[in-house]
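All remarks here apply to the structure that follows.
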There are 2 protein chains.
Amino acid sequence: MYDRIKGFRDFYPGEMAARRATIDGLEDAAREYGFREIGTPALERAAMWTDKSGDDIVDELYSFEDQSGRHVAMTPELTPTVARMVVAKQQELSKPIKWFSTRPFWRYEQVQQGRYREFYQTNVDIFGSSAPEADAEILAWAADALTGLGLTGEHFEFRISHRDILGGVVESYEADVDTEAAIRAVDKSDKLSQAEYHDLLIDAGLTADQAAEFDDLIASGDLDEVKAFADTERVTAAVENLQNVLAAAEDFGAREYCTISLETARGLDYYTGVVFECFDSAGEVSRSIFGGGRYDDLIEQFGGQPTPAVGVAPGHATLSLLLQRAGVWPAEEVTTDYYVLQIGDTRAEASRIVRDLRERGHVVETDVAGRSFGAQLDYADSINAETVVIVGEQDLANDEVTIKDMASGDQIQVPVDEFPGNRERPTYDDLA
Amino acid sequence: MYDRIKGFRDFYPGEMAARRATIDGLEDAAREYGFREIGTPALERAAMWTDKSGDDIVDELYSFEDQSGRHVAMTPELTPTVARMVVAKQQELSKPIKWFSTRPFWRYEQVQQGRYREFYQTNVDIFGSSAPEADAEILAWAADALTGLGLTGEHFEFRISHRDILGGVVESYEADVDTEAAIRAVDKSDKLSQAEYHDLLIDAGLTADQAAEFDDLIASGDLDEVKAFADTERVTAAVENLQNVLAAAEDFGAREYCTISLETARGLDYYTGVVFECFDSAGEVSRSIFGGGRYDDLIEQFGGQPTPAVGVAPGHATLSLLLQRAGVWPAEEVTTDYYVLQIGDTRAEASRIVRDLRERGHVVETDVAGRSFGAQLDYADSINAETVVIVGEQDLANDEVTIKDMASGDQIQVPVDEFPGNRERPTYDDLA
């Protein structure tokens with residue numbers, strides 16, 4: 001009768017189980033790093049985005065006027081919200097502030113593989129440290145989270161760069177160049193022909209010769225050459241910062257996943273230092289899996305004390321494509337430890353067993369629909385029950401229940417008083 | 001610079017830790033019952049709600065037109081969405097369908113204690129069983145979830161009724177009575193004076209004498225008296241169904257939390273059978289904590305095969321009020337197993353220890369801001385670190401690190417090669 005809205009998804013239990021295992025992997029790693037979970041609103045003032053200009057996000061906003069005339073937007077990203085939260089409690093929060101959260105965001109975009117209008121991210125950020133260790137910790141968390149999900153260095157790489165290298169090289173030209181436009185051109189370069197790319201650089205203020213030279217220099221990724229070419233304090237400092245971040249990443253165990261790639265620019269204008277994107281090493285997932293970087297100016301722009309910041313936000317849709325490509329996407333199925341099957345009027349005793357097993361933390365289902373033996377067994381099979389406990393009137397007359405292993409079909413009768421008894425997780429194998 | 005929208009909340013790490021522990025408690029219990037997690041969209045067609053009439057929800061909808069002219073709404077509740085999902089895959093889903101999910105919903109309401117415009121619920125539903133065991137399993141899950149959070153029968157009670165008792169008694173009058181209006185009057189009765197309540201019943205079609213008689217009968221809660229008064233098959237069946245649900249709840253361990261309360265009606269018109277609300281037994285939280293019940297007609301109204309359904313949806317805001325009132329709200333603070341403190345150029349060795357401890361699953365922070373000994377120790381204190389591992393240049397020259405217990409201040413030096421060694425979670429006490 002009602003249809004789902006395009007670009008929005010329903011997750012049924014099988015797929016949700018795989019997503020939950022993935023989210024747990026990301027979040028468990030974040031907790032081990034001492035990132036602290038926060039909770040954030042779905043709506044913010046639309047001005048948070050519309051006050052900016054030249055950003056694709058504005059055109060993609062789900063925004064509207066609420067009942068009291070506020071112009072509000074369903075949040076298309078988390079960063080402005082966490083910046084607002086840092087500013088609101090800047091004095092009382094001990095630094096560095098290390099936060100994470102997992103939730104949906106919304107953008108009215110063209111729907112395609114790995115891109116939806118409602119999409120989920122796990123955002124991880126550090127506020128209050130400009131040290132290279134903070135950038136490296138973000139990289140290390142991302143690497144640990146991905147390897148924890150079963151990926152290896154054969155599956156992914158972090159392409160890493162620094163905003164001041166690109167910006168500094170652009171500014172080292174005598175010409176009057178629009179630096180942000182040039183960076184956006186670099187960011188889009190892998191989706192453009194060389195001619196189109198050079199045209200964008202020329203639009204930004206470079207000559208045709210300079211555009212070709214700039215392209216060659218950036219594509220080389222040679223930090224020493226870049227430093228020598230620009231020969232400015234800004235570029236020298238940026239190269240050193242990038243090298244320091246990589247040295248810290250070495251200590252943190254993440255260096256092996258990092259490749260210097262000066263073409264990695266990140267589209268969003270608020271980035272200020274190291275930026276990086278995660279890619280499928282084999283290129284089968286052609287788009288960036290996710291990205292992150294340093295954004296030292298945002299808190300001040302939001303009215304706060306100057307506060308350096310660095311963060312990353314894996315999107316679950318592209319990440320799931322990579323996990324599937326690598327063959328480590330979790331099974332899309334539900335699991336069940338016990339199904340307690342009732343035959344005849346055995347509800348009281350069956351319920352006692354169910355409660356005992358659930359108290360031990362197991363996943364336990366029983367009949368709540370008054371169904372036949374066969375229907376219950378089919379249902380137990382459909383939920384992948386490992387063990388079925390058959391509580392029948394005749395068995396109970398002998399003070400017994402039957403324990404059935406669903407994989408092998410083997411079964412055994414045991415005294416009802418001894419099930420589960422003092423065992424934590426009794427199966428057929430324990431009892432046979 | 002930007003302010004938060006009224007009725008929407010930011011959750012900083014301390015409060016979020018308490019909320020997460022609460023959500024985990026609800027969800028762990030749901031998983032043990034074999035409820036399966038689903039994921040659902042934040043936006044649906046607004047018609048899902050606006051097609052109905054006479055419902056407060058419609059006035060409270062955050063609805064708008066999206067970029068392609070769809071009239072959409074931020075979902076104010078989950079039930080219509082899960083009904084849509086059941087209908088969409090009705091053939092392939094094995095029954096009973098047992099689903100849960102935790103997420104925010106949105107209603108433009110007056111903001112007050114325990115009521116926000118963005119509010120969180122854990123929805124738990126069973127589809128495909130009309131048996132009283134299904135109703136009882138919902139009650140039992142709710143009871144187990146609440147006792148798992150530290151509440152007891154002294155703190156909460158489930159006031160339970162049946163829609164067909166109220167409806168059947170109303171219909172047993174000769175008069176032309178608007179049954180739904182009468183049920184809504186009962187639902188509101190505890191917020192009204194007796195005169196106002198009777199006026200609403202008279203508006204619904206009862207005479208003044210009938211209204212007074214009806215009020216007395218319902219307030220008595222005496223099932224036998226109600227059955228005799230109405231003397232209709234509908235009321236007799238409803239009373240028996242309610243008694244059967246309570247008998248199943250007895251087997252499931254939840255009967256002790258249930259009180260028969262025929263004034264409990266639930267405002268939403270889609271309920272069809274047993275309905276219940278959870279209240280603070282001491283009455284300190286004056287409003288209903290949450291409610292639920294049976295809604296057997298909804299799936300068919302959504303275009304599906306007739307499918308009985310029963311569910312409940314604890315709202316976290318009112319639940320947290322009850323947990324606070326009962327003194328079992330979790331501590332609003334973060335916890336940290338280890339802080340690894342660096343003095344001098346010890347990053348490589350400190351990082352090795354950090355990684356070893358994180359591999360064991362512990363929450364471990366270290367310096368990512370290049371700070372002094374004192375600043376690091378203050379920070380370790382602010383994150384409630386249990387143990388501080390001091391990695392200093394001088395200690396390392398002797399191949400030692402210092403293990404400091406933050407509660408007592410005691411510390412001890414141990415060989416760096418033996419930390420953490422083969423211990424899972426070494427503390428000062430293990431090493432002293």
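Placed from the backbone N, Cα and C atoms, the Cβ positions cover glycine too.
Residues or ranges marked as L-histidine binding site by TrEMBL: A:E77, A:L78, A:T79, A:R107, A:Q121, A:D125, A:R266, A:Y270, A:Y271. Summarising the annotation, TrEMBL assigns domain 'Class II Histidinyl-tRNA synthetase (HisRS)-like catalytic core' to A:7-313. Look at TrEMBL and you will find A:343-420 tagged as domain 'Anticodon-binding'.
On the structure: features taken from TrEMBL.
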| residue | record | contacts (Cβ under 8 Å, 6+ apart) |
| --- | --- | --- |
| A:E77 | L-histidine binding site | A:I57, A:F105, A:A313 |
| A:T79 | L-histidine binding site | A:N123, A:D125, A:Y270, A:Y295, A:L298, A:G311, A:A313 |
| A:Q121 | L-histidine binding site | A:L78, A:T102, A:R103, A:F105, A:F290, A:A313, A:P314, A:G315, A:H316 |
| A:R266 | L-histidine binding site | A:R163, A:D187, A:V275, A:E277, A:G291, A:G293 |
| A:Y271 | L-histidine binding site | A:R163, A:G293, A:R294, A:Y295 |
**Complete:** Model confidence for the domain 'Class II Histidinyl-tRNA synthetase (HisRS)-like catalytic core' (A:7-313), as mean pLDDT, reads 93
**Message:** Just to be sure I understand, if DSSP states are collapsed into helix, strand and coil, how many residues of the domain 'Anticodon-binding' (A:343-420) fall in each?
**Reply:** 31 helix, 23 strand, 24 coil
**Message:** Based on the record's binding annotation for L-histidine (A:E77, A:L78, A:T79, A:R107, A:Q121, A:D125, A:R266, A:Y270, A:Y271), what whole-number value in Å is the widest Cα to Cα distance?
**Reply:** 21
**Message:** Helix, strand or coil by DSSP: which one applies to A:T79 (L-histidine binding site)?
**Reply:** helix
